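According to TrEMBL, the protein has these features:
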type	residues	note
DOMAIN	F:56-166	domain 'NADH:ubiquinone oxidoreductase-like 20kDa subunit'
BINDING	F:C56, F:C57, F:C122, F:C153	[4Fe-4S] cluster binding site
Amino acid sequence: MYSLHAITDSIQNWLSVRFSPLWVLIIESLIVIVLAIALFAVLGLVLVWLERKVAAHMQIRLGPNRLGPAGIFQTSADTLKLILKEGLTPDGADKLLFNFAPFIVMIVAMLALAPIAFANGFQIWDVNIGVLYVSAVSSLSVIGILIAGWASNNKYSLLGAMRSGAQIVSYELSAGLSILTIVVLTGSLQISDIVHAQQNGWWLFKGHIPVIIAFVIFLIAATAETNRAPFDLAEAESELTAGFHTEYSGMKFALFFLAEYINIFIVCAIGATLFLGGWMPFHIGDWTQFNHVMDYIPSSIWFFGKTFFLIFLIMWFRWTFPRLRVDQLLTLEWKYLLPISLFNLLLVTVIAIMNWHF
Amino acid sequence: MYTETQIISNSNDELVVNVGPQHPATHGVLHLVITLQGETIKKVEPHLGYIHRSIEKMCESLTYRQFIYASSRMDYLSAHINNHACALAVEKGMQIEVPQRAQYIRVIMDELTRIASHELWWGAMAMDLGAFTPFFYAFREREKITDIMEETCGARLTMNYMVPGGVMTDIHPDFQKKVKEFIELFKSKIDEYDELVTGNIIFQNRTKGVGYLSKADAISYGCTGAVARGSGVSCDIRKLYPYDIYDKVVFDEILETEGDSFARYMVRMREMRESVKIIEQLIDNIPEGEHQAKTKAVLKLPKGDFYTRVETARGELGVYIVSEGATTPYRIKFRSPGFSNLSALDQMARGGKIGDLMATMGTLDLVIPDIDR
Amino acid sequence: MGPFSLIVLTIAAVAFSAGGIMAGKLFTKGSKNAHKGQPYECGIPTQTSPWHQFNVGYYLFALLFLIFDVEMVFMYPWAVVVKKMGMTALFEIIIFIFILFMGFLYAHKKGALKWM
Amino acid sequence: MFIKEYITEIAKATKSLWTGMRLTGHYFIRLKTVITEQYPDNRDTLKMAERFRGEVTMPHDENNQHACTGCTACELACPNATIKVITKFELTPENKKKKALDTFVYHLDMCTLCGLCVDACPTGAIQMGQNFEHSVYDRSTLTKKLNKPGSKIREGVE
Amino acid sequence: MDTSAIIFYAISAFTLAMGLMAVTSSKIFRSAIWLLLSLVGIAALYFWMQVEFIAAIQIIVYVGGIVVLIIFSIFLTQQAGTKMPKPSLKRMIASALAALFGLFFSFNLINHYGFSNTGSPHFSVSVNDVGTQMLSTTEHGYILPFEVVSMLLLSAMVGCIVIAIKPPEEQPKKDKAELENEHIDIPETVQEYVDATISEPLITTEV
Amino acid sequence: MDVTENIEVAQTKQQEAFPGRIIPTHGGGIIASTIQDVINWARSNSLWPLTFATSCCGIEMMSVASSKYDFSRFGFEVARASPRQADVIIVAGTIVQKMAPVLKRLYDQMADPKYVIAMGACAISGGPFFYNTYSVIKGADHVIPVDVYIPGCPPRPEALLHALITLQGKIKSGMTREQIKANPIQL
Amino acid sequence: MSTVPLTHILFVSTALFFTGMYGLFTRRNMITILMSVELILNSVNINFVAFNKYLYPQKMEGIFFTIFIITIAAAEAAVAIAIVINLYRTHKSIDVDDATEMKW
Amino acid sequence: MTNEAIKEFVSNALPSATFDESGEFFTIQIEAVQWRPLARLLHSAPYNFDYLFCLTCVDWKTHFTNVYHLTSTDHRRAIVVKAKVDRNDPLIETVSDIWKTAEFHEREVFDLFGVRFKNHPDLRRLILTDDFEGYPLRKDFEDAVNMIKL
Ligand code: SF4
Ligand code: SF4
Ligand code: SF4
């Protein structure tokens with residue numbers, strides 16, 4: 001298996017030989033900043049483009065195809081346009097908070113990137129409470145939405161923000177519980193531990209039906225937490241025009257837009273890490289030959305492949321289902337997902353203790 | 001500049017929200033003033049007139065040949081059927097005998113229009129409920145119909161094909177073949193619609209028990225079309241007061257008795273199948289002959305008043321012409337189906353959520369220019 | 001990189017957002033008019049302020065969420081060690097969850113999980 | 001029983017959702033089903049239906065002659081006065097004054113493309129054209145003169 | 001002063017400033033937001049102290065839970081946009097003085113106690129240890145508090161529901177068939193009725 | 001060059017030529033910043049329409065969105081319901097006296113740069129409701145400045161696409177509304 | 001990590017405590033009072049963690065106390081908000097003075 | 001249910017009503033003040049004209065007639081009631097409590113013709129703006145700016 005440790009370590013060594021520790025820190029920070037921003041930009045562009053293409057093909061049409069091959073520059077044009085568009089602040093708004101909200105959303109999205117293992121040995125911070133950290137940070141994102149909705153001084157925004165507040169907050173529970181199933185199986189919160197525990201098979205396959213149930217619940221909760229259809233009540237277009245970001249324009253709106261996609265990426269990355277083994281290649285029992293072939297595929301490709309597969313699933317949901325009503329949304333969580341995932345967690349615990357999993 | 005009376009709530013926890021005139025779910029420019037308590041709707045007050053084009057006044061200065069085209073701009077989704085109603089009114093006044101062939105063509109066109117209209121409704125309603133893809137599937141079939149229309153009538157939406165005494169031009173030679181092809185295709189696609197939307201659990205939860213309208217209320221509000229039939233009121237003009245050759249074709253009047261949004265939805269879905277049935281019966285039997293009766297160049301209706309009604313995709317369209325014997329009508333009133341149906345909206349939406357309002361409006365299938373005229 | 005990365009990432013996010021907004025400000029001048037600053041409400045002037053009391057049933061869900069959230073917090077350390085500790089931990093958490101589940105059932109019975 | 005109901009409910013819901021996803025997935029993987037026509041690229045092959053009403057035209061033959069007698073029947077038939085027929089008096093070879101077309105003004109910006117004028121024209125001088133690409137930056141360019149400069153009425157048209 | 005110290009002072013300043021703004025801001029929504037940022041600052045402080053677990057809990061419970069709840073209750077009970085009445089100047093000065101005095105006093109106390117100023121460089125909290133100690137039934141185990149917590153949460157939940165749930169609103173029964181049941185009394189002759197109506201002054205609606 | 005004044009002049013000129021009530025617009029014209037090709041490229045290729053359809057033409061607008069014509073090929077499919085995020089307002093349908101203030105408000109609330117397409121006879125001139133109606137505005141340009149006119153009743157979906165391409169041409173040329181009227185460019 | 005003396009951390013927590021106190025004194029609005037209380041609780045938490053870290057690095061009692069305090073704070077906040085909402089419903093005001101006067 | 005029967009029934013209660021059977025529907029012509037009692041009568045037994053499907057007004061330059069098209073869903077029979085309304089002081093009683101649909105239709109007629117409906121719950125302009133002057137569907141309505149005569 002390839003590991004990026006060698007590369008990162010050599011950079012580290014090279015730097016520490018040449019510069020004082022402070023400078024090393026600064027240079028490394030700069031590298032991380034540049035990488036993170038680049039990742040953001042590229043992810044935003046690619047995901048939006050992907051979504052449009054997926055939507056188009058499900059809807060028997062072509063989708064963007066006039067700018068560049070298969071329209072891949074379409075989103076670049078959109079981004080550039082959004083940057084160049086006037087960023088309005090309504091007169092009646094709470095101007096400070098109004099302009100502050102996109103930053104919060106962005107910071108939250110960025111912070112959640114920290115523990116994600118993009119490849120073997122490529123992780124910004126392998127925090128020892130990994131998944132707990134991610135759920136903590138993602139619970140912050142509701143704040144940005146609440147602020148945006150309230151500060152806009154617009155009824156649609158406020159309604160949308162309230163809805164999304166209740167929604168995100170509720171679905172955090174079942175997301176957390178399904179994350180816990182994996183924690184129970186692994187016995188660690190650290191992302192790297194979780195990935196390594198799946199060396200001989202992904203949890204999804206090793207863990208019997210309870211893990212599959214947990215996976216499904218996680219997917220549903222992830223969709224809801226990122227405000228995606230069919231849970232996109234916060235920006236329900238046919239009800240609240242544009243929901244909590246009704247009053248945002250230009251770059252500020254683009255930041256919300258981008259954050260939405262980054263959040264999708266993050267939850268899908270977490271999902272891929274927990275259930276599909278992160279950057280671990282696909283291994284089958286003791287087919288050594290096969291496993292070797294799989295090992296030749298770089299770990300980052302595995303990671304991104306899995307993540308994008310989950311992203312595709314979430315997009316698939318979006319372009320198929322009608323939206324739930326707000327009370328049904330909460331009923332779904334409180335009456336179905338939460339009891340099921342609690343029960344499921346106990347089941348997984350039994351499996352884990354009895355060592356019934358593979 | 002803006003002087004529309006607005007009701008400002010005095011109570012503390014009520015919120016007054018404007019929905020429309022520019023709003024994705026109002027299908028045009030309906031303006032609803034909604035009083036909310038939390039997310040629960042306390043009151044819905046429709047404000048009309050954002051597309052009031054004074055068609056009635058305008059028609060007073062148009063001749064009987066000309067005014068028909070204005071009617072296709074009213075309920076543009078049932079343009080043919082509107083034209084049909086106007087043509088029938090003039091024919092009734094002048095006692096013109098319409099040739100059989102023209103009658104067949106008219107009915108086929110009507111039913112095609114009905115399918116097209118229902119398709120659009122289906123797509124738009126799914127869109128209101130947040131599902132985007134059905135819209136595209138619906139338009140795929142609808143485009144087939146518009147292509148057929150374009151080939152025969154020369155336009156896609158506002159065909160202006162019916163004239164007093166028949167239809168403007170004979171059908172295109174390919175017409176029958178294409179319609180049959182379309183019917184075959186459509187029959188398979190409509191099952192897809194059921195798979196995608198009707199059976200969907202979310203959709204059913206969103207519509208069942210939502211926007212209830214009792215039978216008594218439906219009558220009292222003068223509802224027609226699918227709205228009334230969803231509440232169990234039999235009101236299909238094609239059955240009750242058949243015009244042209246509707247008395248010769250076999251079809252069922254669709255009735256559902258639940259009175260909720262899902263019932264209205266089902267009425268329309270089943271109606272599409274009925275329309276297919278009607279077209280199937282007619283398409284092979286279009287008699288030979290004239291497509292248009294000989295009429296005078298200048299039409300003059302005798303003194304008196306004439307009321308004709310047809311079943312558009314939305315319900316009963318009445319054309320009430322008061323004539324003084326001149327070349328132009330003295331007064332024309334279009335009794336539009338949407339107007340009455342809309343008046344029942346408040347009743348239906350009260351107590352529901354905002355999402356319910358959208359579902360209810362979706363099943364009302366409002367076409368605002370038809371309401372405002 | 002350790003916790004320091006949090007600061008770095010925050011800086012990155014701020015730089016990214018601020019950079020974008022600044023670039024927009026630099027290249028685009030907006031025109032001013034009387035309506036621009038007013039809230040959008042489908043093209044109709046807003047009559048009542050949205051910053052108004054707002055009666056929604058959401059808060060009950062937030063209340064319940066808070067309780068369950070704390071419960072989850074206790075379950076994280078539990079989940080880490082349960083495999084190691086075996087049955088004891090399982091029984092402990094079953095009691096824990098059972099007690100809370102009682103509350104949940106109570107809430108359900110009281111109709112707190114219904115929308116208001 | 002309660003639990004059984006609960007589970008069947010969930011099973012049914014899952015099945016209905018899966019049915020929908022299967023359909024969209026079906027179309028997603030079949031690129032053949034894409035029905036998009038690529039308008040500006042397919043301009044050459046794009047054919048309008050022959051009865052398509054795109055604009056009112058006045059065909060001229062190779063001698064720059066049209067068939068309009070200036071009878072204004074079309075102007076009267078038009079529901080919203082899109083056509084303005086300006087006539088002049090011409091001297092016929094027999095030295096009789098005869099009404100003839102001077103300018104045939106056509107406001108494309110107002111035309112509803114209903115075809116009543118074409119129906120009403122006794123000589124078939126105007127027809128519905130197939131062109132639909134009329135977008136302009138300036139509204140005034142939409143007011144057109146249909147008879148070409150110097151054009152004449154065709155011989156023998158009364 | 002090394003980087004770590006700088007970071008500590010920055011975070012502390014941020015936390016304190018936000019806390020101060022939270023208690024002085026006159027807009028209640030903003031006040032909640034400043035409180036939130038202050039709590040985030042405290043979480044950052046925990047991160048700095050390398051107790052990531054506590055930091056995460058701080059964010060999950062305080063920021064994701066309590067503050068959201070507070071914000072909801074603000075929406076519910078306040079004209080969130082209006083300014084709150086300022087406390088009287090006297091009261092403000094008195095409170096400030098009291099607070100300052102308390103601060104000075106306590107800080108003096110702390111300073112005089114003379115804590116050892118060096119922390120262990122190897123301090124780290126692993127969730128594993130937390131879990132083990134929490135669930136262990138031995139002397140140092142926290143199993144009893146752990147189970148008691150569930151009781152506490154249960155009682156809090158029951159309490160919340162009992163207190164906060166709305167008594168079911170008495171809805172005026174909507175009589176759908178009102179119109180049908182309405183007894184229409186037709187006068188002896190309609191003309192009589194007509195005359196009776198006519199004699200009243202006609203109330204016309206304002207146009 | 002004061003754009004506002006220009007529009008007023010243009011409107012008075014229009015009034016002489018064309019009947020009907022004109023509602024004055026303030027602001028209006030796009031303020032072209034640095035005329036750079038890249039900016040214009042981005043702007044012209046990312047026109048997000050406002051979901052605004054008043055009547056029949058709106059159906060053809062929906063057709064353009066549908067799979068057969070699919071304006072997403074041009075990247076137009078991100079229809080925004082909020083004017084703050086939209087770039088182009090396609091006036092699809094009749095504008096009546098009661099709607100005019102709303103239209104104007106929507107236009108005003110859009111963030112710059114913003115463009116207007118008048119779709120259909122109604123939006124250009126009142127179209128079929130030109131005569132003897134008391135409520136129809138005789139053209140959307142009586143209310144807001146229009147960039148591209150596309151006649152028809154309703155225009156075919158292809159025609160609307162053509163109008164969008166025309167608008168792209170205009171944006172790429174970097175000229176203002178008045179300049180382009182004065183010296184039309186060839187696409 | 002050890003260059004910051006314990007007293008500085010304690011100073012921060014004390015300052016936060018008295019900021020909360022100040023809020024408690026000046027605010028008359030139940031929700032803002034609740035916010036001040038949260039600040040006070042948090043300052044205590046900081047102390048616990050700091051003491052644990054600096055004085056007893058091999059033990060975890062401070063951590064546990066913090067966890068339990070956070071738990072109790074959550075329960076307290078939930079109940080408090082419930083009371084506030086109930087109070088608001090009956091009195092249409094959540095001013096402390098009003099609440100005491102009305103003696104419900 | 002024949003025309004005769006209705007005729008007898010109506011003229012019993014309302015001797016001054018006149019009838020017209022020449023058109024498509026059986027027509028009852030009355031004065032405005034008689035309308036509401038007649039409406040109640042028609043709506044109730046035995047004929048149950050419970051379905052008001054068209055309500056409009058015609059301006060005859062000397063007077064208005066309010067035209068009510070009624071159907072009975074039980075008997076499937078339509079009749080027309082034409083109530084003569086004074087043009088200078090157009091006033092007629094509302095029937096919006098009898099047929100709920102009338103509420104909107106009456107507002108429309110008020111809006112376009114200026115006929116006032118006594119006791120109407122909410123008689124405001126429905127279609128036109130509140131500051132609109134005049135009643136556009138009256139024959140003498142002029143709007144110099146917007147109306148272009150052919
Ligand atoms: S075009 Fe035809 S109808 Fe019109 S003026 Fe010429 S000849 Fe007459
Ligand atoms: S097509 Fe219709 S609107 Fe156009 S000029 Fe001819 S008659 Fe007039
Ligand atoms: S131009 Fe024609 S199709 Fe378009 S809105 Fe006007 S009447 Fe309708």
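From the backbone N, Cα and C atoms, a Cβ is placed for every residue, glycine too.
Overlay of TrEMBL feature records on the structure.
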residue : record                        : CB count, 10 Å
F:C56   : [4Fe-4S] cluster binding site : 30
F:C57   : [4Fe-4S] cluster binding site : 31
F:C122  : [4Fe-4S] cluster binding site : 34
F:C153  : [4Fe-4S] cluster binding site : 27
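Averaged over the domain 'NADH:ubiquinone oxidoreductase-like 20kDa subunit' (F:56-166), the predicted model has a pLDDT of 82. Residues in the domain 'NADH:ubiquinone oxidoreductase-like 20kDa subunit' (F:56-166) partition by DSSP class (helix H, G, I; strand E, B; coil) as 46 helix, 16 strand, 49 coil. Taking 8 Å as the upper bound (exclusive) on CB-CB distance to chain D, the binding-site residues F:C56, F:C57, F:C122, F:C153 give F:C153 in sequence order.
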